[in-house]
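For reference, Swiss-Prot has these:
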ACT_SITE  CYS116  active site, proton donor
BINDING   LYS23, ASN24  phosphoenolpyruvate binding site
BINDING   ARG92, ARG121, PRO122, VAL123, ASP124, LEU125, LYS161, VAL162, SER163, VAL164, ASP306, ILE328  UDP-N-acetyl-alpha-D-glucosamine binding site
MOD_RES   CYS116  2-(S-cysteinyl)pyruvic acid O-phosphothioketal
Amino acid sequence: MMQKFRIQGGGPLSGEVSISGAKNAALPILFASLLAEKPVEIANVPKLRDIDTTMELLGRLGVNITRNGSVFIDASGVNEFCAPYDLVKTMRASIWALGPLVARFGQGQVSLPGGCAIGARPVDLHIHGLEQLGATITLEEGYVKASVDGRLKGAHIVMDKVSVGATVTIMSAATLAEGTTVIENAAREPEIVDTADFLNAIGAKVTGAGTDTITIEGVERLGGGYHEVVADRIETGTFLVAAAVSGGKILCRNTRPALLEAVLAKLEEAGAAIETGDDWISIDMTDRELKAVNIRTAPHPGFPTDMQAQFSLLNLVAKGTGIITETIFENRFMHIPELIRMGARAEIEGNTVICGDTDGGLSGAQVMATDLRASASLVIAGSIAEGETIVDRIYHIDRGYEYIEGKFSALGMNIERISE
């Protein structure tokens, strides 16, 4: 049963929306809970397919896991150390089980992963990091196997390239290593900071998260604790762009403006009126002209690659020409041909996309979601296009946006989920 969204083009999107917890923080935190010998409560976990898959995976490993508002985890009974292919194939994040398993139990194996089709994301950086902490890694029959006699050993690790995933793996595993670990050229994303906050809540000694040098003083064991997942900055940005391109006015609650500085600066440059408080952001585009902006994606605190597709849509319907340069992932313009089907004028040249004035606006069409963030831009495009748009393969959206049609409906979008 393939589900699709049917969207009728309409007016401005306006109102209030409550932002969910960040998938990209919730996932590493759920996997890191394998390190805890006592019960853990994690609040503000979004309801998403990848989260469900992770909970099922942890359950298979022997974790007692329940959801009742928060997610409650008891990893004291872990008795299985292999993350099997049938679960891993749908989700790359499963590699995050490896570090905690080998750090706490001296062994772990994870099937080589699946997930979105964006470029080459090798697990080499994860493997290399664990090897530097003293683990022995082998690749056998499609599985990455890690083992260590006794405890992992602290190490000074200089990352070959900035990687959020590998930073999480090394940081998590190092919490139970003997001695001190220093990670240089570490990723600085807010989700890394949130994972470190969780680790510290259960007794780890992590400092420097959010900078390019993270220090982890190993401890013998980790207990239990409580943590609330940080707000999703990408979901926030997606709703802000929806207001900008539709000429609307939206207030995002339960969010963190400080994590979105690069995005907010570009929205202001594009002509939006932005206001912020401690945990809210408002955008007003009523009677204002949208102007195209140039963007170059970069690791945090630069402009996030996960907002690139939404801003290509903004540029396509704005006045003037905007150039977007993608420096993080290859093959990340798969939404552009779909937008061209709706009448957009854009040219892809290598890792840049040049978005020109789309005279006469967009027209509804049948389009296909190709990856998580790109698919959100197609939904927004449908709401500002003339006529009806069908977005196919929306399982990509369900992997990363909680109840997106409900939230958009409340803002005035004419959207429904249909099964065919």
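Here, residue 1 is simply the first one shown, and the rest follow in order.
Even glycines carry a Cβ here, placed using N, Cα and C.
Within 10 Å of its Cβ, the residue among the binding-site residues ASP124, ASP306 with the fewest other Cβ atoms is ASP124. Cα of ASP124 (UDP-N-acetyl-alpha-D-glucosamine binding site) to Cα of ASN24 (phosphoenolpyruvate binding site): a distance of 20 Å. Straight-line distance linking the Cα atoms of ARG92 (UDP-N-acetyl-alpha-D-glucosamine binding site) and ASN24 (phosphoenolpyruvate binding site), rounded to a whole number, equals 12 Å. The Cβ of SER163 (UDP-N-acetyl-alpha-D-glucosamine binding site) lies under 8 Å from the Cβ of LEU125, ALA187, each on the same chain and at least six residues away in sequence. Neighbour counts of Cβ atoms within 10 Å were taken for the binding-site residues LYS23, LYS161; the minimum is at LYS161. Note: the CA-CA distance between LYS23 (phosphoenolpyruvate binding site) and ASP306 (UDP-N-acetyl-alpha-D-glucosamine binding site) rounds to 12 Å.
Between the alpha carbons (Cα) of ASP306 (UDP-N-acetyl-alpha-D-glucosamine binding site) and ASN24 (phosphoenolpyruvate binding site) lies a span of roughly 11 Å. Cα to Cα, LYS161 (UDP-N-acetyl-alpha-D-glucosamine binding site) and ASN24 (phosphoenolpyruvate binding site) are separated by 19 Å.
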